[in-house]
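What follows is a set of notes on a single structure, which appears directly below.
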Amino acid sequence: MFSGGVLRSSQQLRGVPLFARQLSTSPRPLLARSYTTSGRPNQLRMGQTRGGGNGQKRPGNNSFLSRFDRINPLALVGAATILISGYMLIIKPYMEWRSELKHRAVERQQEEEKAQAGYTEEQVAKFPFGKKTVVFVLGGPGSGKGTNSSKLVDDFGFVHLSAGDLLRAEQKRPVSQYGELIAHYIREGLIVPHEITIGLLRNAMMDHPESDRFLIDGFPRNLVQAKAFEDSVCKAKKVLYFECPESTMLERLLDRGKTSGRSDDNIESIKKRFRTYVNDSKPVIDEYAKEGKVMTVSCKGSVDDVYKVTHKKMSDFLQALEKTSQQQDAK
């Protein structure tokens, strides 16, 4: 009878929707079901939503804020370290490099403006070159011209102008139109065109209008330079010649090349400079010797001994020059 009752109940429910059947036959409350894409049911209690029992919606697992809940603190520290390292190793050096480029551009512009300004022909014409005492300091490379000139500056108030230093400075000047040309001549041990050298010496003298005494070291290198300087600037009052054996000069230059950083202090350039000195510069000394203008100092001996002789000769020359000047003023 029981089974019949059930049968009758089932027959009575035929045609009734499935949802209504469950309501009428299930002894427990209906469970709300939801299915994932995999087909597995997610069981939730009746009336419960994904946001919680109160029906309020909260961010799901894929929301932006919920992602930070799963980040490892060590990962944050690592990321921050990488960012700081990237700034210190890449960004900061790049910014400093850009700043240096801007600084160099400003300096280059200032140099260019200074070079363009220069001295006018009128200023050159008015400068009293003829009243200046110019002494050429000559000798082979490494004979001690620069060393003794520096001491003469301290003792007699000369302005020391090194033709080589002026040329090297001009070579390094960013806006120089002669930089590459000068570098080639120096590297090959050749004589730079006298127009360039004389122009640099003339401007250097005009940079010191207060001085009446100039030592011009390493110039003239040939007779053409000597004549051009005396025609366009002034005549030299005297020539200080340091006589030194080639073997001694070679030893000094090789020793100096260890620390000087000069491109011409190497054995190949030194040999070329020796040949140029013998062929071109020595005739200059011989020519001035005919005029009685050469003071010869032997480089044999210690540095102090050589300068003692140099000092004596220069002192005698300046005293004689002063005496001659006083006699002319008396007339």
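Cβ coordinates come from backbone N, Cα and C, glycine included.
Taken from TrEMBL as is:
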type    : residues                                                                               : note
REGION  : 31-64                                                                                  : region 'Disordered'
BINDING : Gly142, Ser143, Gly144, Lys145, Gly146, Thr147, Arg256, Gly301                         : ATP binding site
REGION  : 162-192                                                                                : region 'NMPbind'
BINDING : Arg168, Leu190, Ile191, Val192, Gly218, Phe219, Pro220, Arg221, Gln225, Arg262, Arg273 : ribonucleoside 5'-phosphate binding site
REGION  : 255-265                                                                                : region 'LID'
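The binding-site residues near Gly301 (ATP binding site), taking a 10 angstroms Cα-Cα threshold over the set Arg168, Ile191, Gly218, Pro220, Gln225, Arg273, amount to none. Between the C-alpha atoms of Arg256 (ATP binding site) and Arg273 (ribonucleoside 5'-phosphate binding site), the distance comes to 15 Å. For the binding-site residues Arg168, Ile191, Pro220, Gln225, Arg273, a Cα-Cα cutoff of 10 angstroms around Lys145 (ATP binding site) retains nothing. In this entry, Arg168, Leu190, Ile191, Val192, Gly218, Phe219, Pro220, Arg221, Gln225, Arg262, Arg273 make up the residues listed for ribonucleoside 5'-phosphate, with the farthest two CA atoms of the set 24 Å from each other.
Minimal Cβ crowding within 10 Å, among the binding-site residues Ser143, Thr147, Gln225, is found at Thr147.
Between the binding-site residues Gly146, Gly218, the minimum number of other C-beta atoms within 10 Å of a residue's C-beta occurs at Gly146. Put simply, of the binding-site residues Arg168, Gly218, Gln225, the one whose Cα is nearest the Cα of Gly146 (ATP binding site) is Gly218. The least crowded of the binding-site residues Gly144, Pro220, Gly301, judged by other CB atoms within 10 A of its own CB, is Gly301. Put simply, Gly142 is the one of the binding-site residues Gly142, Ser143, Gly144, Thr147 whose Cα lies nearest to the Cα of Arg273 (ribonucleoside 5'-phosphate binding site).
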